[in-house]
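Asker: Okay, handing you the structure first.
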């Protein structure tokens with residue numbers, strides 16, 4: 001383990017207790033660690049002391065990414081892997097009998113996450129020093145470890161093999177031959193050389209050079225540049241999919257599927273359900289033909305029972321079958337993760353049962369499922385539940401014994417908790433927010449519903465408070481952006497519901513307000529209250545106010561636990577002479593996350609880099625990408641999106657210089673409800689919190705800008721705008737003639753917006769003629785008006801799609817529409833109407849170039865940004 005810190009506070013005791021429990025084979029242990037006490041550090045130390053492989057279970061991808069990043073730093077020389085769901089978008093197949101609606105399966109797989117999953121299983125099979133950070137997706141089925149291992153083969157220099165046999169083995173492992181588009185999971189052949197891009201590697205591939213039927217050389221190279229990076233003596237090639245199946249197993253599975261289909265068809269026909277029988281036979285036989293021909297089919301996971309050789313009701317093969325018996329499982333935020341594991345099975349079972357009942361799938365599809373809680377409990381190795389608020393199951397399994405980690409290494413104590421009446425909670429919150437902002441800290445406000453969050457945000461915005469809201473309608477990348485901007489000080493208050501809880505690291509937060517704290521429920525339970533109170537525990541001046549008209553049991557227990565921890569922490573600090581200090585963490589930590597690789601689409605205004613990184617070549621590359629998006633949107637006739645991207649490009653180019661000096665510059669022109677005078681005061685308040693060095697830097701920047709503007713004003717302007725007297729006075733000669741005169745409004749019709757040489761101001765071909773010009777006083781034939789060279793278009797000529805010359809004289813009458821002779825004399829047949837009709841767009845995907853998946857995603861996402869008034 002690599003770290004600059006040594007265990008402090010309660011950490012040494014907790015590490016010792018947990019290591020003793022592992023040595024004594026205690027199956028379940030509990031680590032009760034408060035927010036900011038270094039639970040991740042303790043887990044890493046336990047792994048180092050026990051020298052065992054470990055699986056870290058996180059409740060969501062955000063915390064999984066955070067843990068992955070931290071363990072990567074703690075163990076740079078070991079195999080730290082990431083195993084989460086690889087779907088960017090997933091719509092499972094389903095049937096709604098009430099409306100007779102069948103929804104096809106639709107998904108989008110993230111290549112980067114898929115590669116990391118392959119890397120995780122490979123590390124488990126090859127190494128002992130493995131740490132896997134996983135989400136709850138690890139209890140879902142993947143390929144059998146026996147089959148996956150059996151399909152693996154090794155090659156080394158000097159081996160003799162047939163080239164055709166090697167290519168056949170690669171195809172059996174579901175590698176694809178790509179002679180041109182050489183990507184992960186593919187291979188190509190060039191004479192006696194075979195190049196393989198393994199499924200678990202990102203920027204390296206292998207070149208197998210053969211002499212006849214003997215392997216002469218194995219080279220590692222960069223697939224992008226072709227540059228050689230190393231020489232290898234042997235390589236082990238793993239399958240391109242966890243669901244790969246050997247041909248004998250596949251043939252046996254096809255026989256079993258046909259047998260089940262035969263029995264199921266007899267059942268449906270006896271019940272008189274002929275439609276379901278016909279549907280099931282058609283769909284299943286198509287899948288069987290695909291399996292026989294290619295070894296795979298769409299929805300192959302529904303036949304996983306036969307492909308893995310399991311019996312009905314057996315647990316599916318999961319990541320837990322790859323984990324060695326001596327491994328440790330750390331369940332992070334166990335009060336959330338454990339109920340998640342228990343809740344995955346039933347919803348999945350109900351959906352698949354409906355599909356089987358109505359003939360869309362065979363009944364065996366219900367064996368493609370996540371683990372039941374009982375199966376997971378029986379399968380898990382030695383476990384440590386880590387939480388500030390352990391649940392009932394964890395405490396029951398550990399016999400009520402737990403390792404406590406209440407003392408923080410920084411000496412911070414839990415924030416004081418105060419109860420105030422809820423009748424005037426909003427006005428009281430506004431006053432507290434102003435005091436907190438004046439001290440330079442941020443505020444978190446938690447409410448009960450999305451509507452309350454948005455309404456409270458609007459009200460605070462009207463009161464002159466810089467505020468945002470965050471709830472489940474906000475896109476995940478937008479949430480990261482909001483948290484980063486809150487820490488930067490771009491706004492002062494964040495209103496949320498259930499997202500302001502586990503794992504939220506905001507050391508700048510000095511005040512947490514919990515509105516309607518007496519409304520009993522899962523949002524105001526003892527666990528939720530303690531977790532929310534913990535958000536203010538990273539700041540030495542943090543405080544929490546519960547707004548309630550009565551003290552509920554959950555509030556009483558939460559305050560009692562918080563006070564117990566405060567007393568213990570204060571005693572420790574007094575005994576050891578520790579002065580508490582706020583937690584310091586880099587703002588970029590929240591963005592340096594593998595979690596961002598789990599997204600492929602984001603709104604154009606969402607930036608995953610910090611402001612300082614969006615400069616120079618990075619900004620240029622970003623602008624180039626946005627310009628490509630703009631052109632693509634225009635090509636797809638989505639002109640509104642193209643215009644938004646164009647405006648964003650323009651704004652970024654204008655901000656390039658200012659962002660490099662001031663990270664808050666992009667909020668300088670943000671809409672504000674207060675007047676200009678108050679706005680100036682508010683900006684002064686922001687500047688007040690800057691250090692002397694920052695204020696000096698901004699002063700020099702302002703002086704440089706002022707000097708540049710003065711120099712620009714001193715230079716002669718060849719293209720200056722003419723003054724009013726120059727534009728309206730007849731015959732007036734300006735003191736300084738510009739090279740180009742601005743035409744009048746009357747002369748600025750279509751096709752007339754051309755500049756006029758300054759020397760011919762009075763001879764303008766586009767200006768309205770004065771009285772002297774009409775009598776030819778300046779040039780031309782005396783007494784005759786001067787005719788312009790270009791005629792001004794009339795209204796008829798300026799209409800849309802009227803570029804032809806208007807017809808002189810009488811316009812011919814419109815001919816009668818042609819009627820079909822078959823319909824002559826019949827009143828029920830209407831003549832065809834040749835008049836222009838509006839273009840009616842069909843639904844997405846019908847006779848058009850639009851992507852139905854994109855259309856559904858646009859309908860599903862409300863596109864909220866957390867800003868008031870949007």
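Placement of Cβ uses the backbone N, Cα and C atoms for every residue, glycine included.
The annotation ATP binding site is assigned in Swiss-Prot to 33, 34, 35, 36, 37, 38, 39, 40 on the grounds of sequence analysis. The feature compositional bias 'Basic residues' is assigned by Swiss-Prot to 679-689, 858-870. Feature annotation from Swiss-Prot assigns compositional bias 'Basic and acidic residues' to 793-808, 827-836. The domain 'Helicase ATP-binding' annotation in Swiss-Prot covers 20-410 and rests on sequence analysis. Per Swiss-Prot, the feature domain 'Helicase C-terminal' maps to 425-591. According to Swiss-Prot, the domain 'UVR' annotation covers 620-655. Swiss-Prot lists 671-698, 741-870 with the feature region 'Disordered'. Per Swiss-Prot, motif 'Beta-hairpin' is recorded for 86-109.
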Asker: Using DSSP, would you call residue 39 (ATP binding site) helix, strand or coil?
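Answerer: Looking at the DSSP assignment, residue 39 (ATP binding site) belongs to a helix.
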Asker: For the recorded ATP site formed by 33, 34, 35, 36, 37, 38, 39, 40, name the remaining residues of the chain with Cβ within 8 Å of the site's Cβ center, in chain order.
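Answerer: Here the nearby residues are 42, 388, 405, 408.
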Asker: Within 10 angstroms of the C-beta of residue 39 (ATP binding site), what count of other C-beta atoms is obtained when all protein chains are considered?
Answerer: 22
Asker: Which residues, sitting 6 or more apart from residue 35 (ATP binding site) on the same chain, put a CB under 8 Å from its CB?
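Answerer: Residues satisfying the criterion: 388, 531, 534, 535, 537, 538.
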Asker: In sequence order, what residues of the same chain, 6+ apart, have a Cβ less than 8 Å from the Cβ of residue 40 (ATP binding site)?
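Answerer: Same-chain residues close to residue 40 (ATP binding site) (Cβ under 8 Å, separated by 6 or more) are 67, 70, 71.
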Asker: For residue 33 (ATP binding site), just count the other CB atoms lying within 10 A of its CB, please.
Answerer: 26
Asker: For the binding-site residues listed here, 36, 38, which shows the highest count of neighbouring CB atoms within 10 A?
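Answerer: Answer returned by the neighbour count: 38.
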Asker: Look up residue 33 (ATP binding site) in the DSSP assignment and reduce it to helix, strand or coil.
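Answerer: Where residue 33 (ATP binding site) sits, the three-state DSSP reduction gives strand.
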Asker: What does DSSP give as the helix, strand and coil breakdown of the domain 'UVR' (620-655)?
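Answerer: Counting residues per DSSP class in the domain 'UVR' (620-655), I get 33 helix, 0 strand, 3 coil.
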Asker: Validating a neighbour-count step here. Other CB atoms within 10 A of the CB of residue 37 (ATP binding site): how many?
Answerer: 29
Asker: Under the DSSP assignment, what numbers of helix, strand and coil residues are found in the motif 'Beta-hairpin' (86-109)?
Answerer: 0 helix, 15 strand, 9 coil
Asker: For residue 34 (ATP binding site), which residues in the same chain are close in space, meaning a Cβ under 8 Å from its Cβ, but six or more apart along the sequence?
Answerer: 388, 405, 406, 408, 414, 534, 537, 565
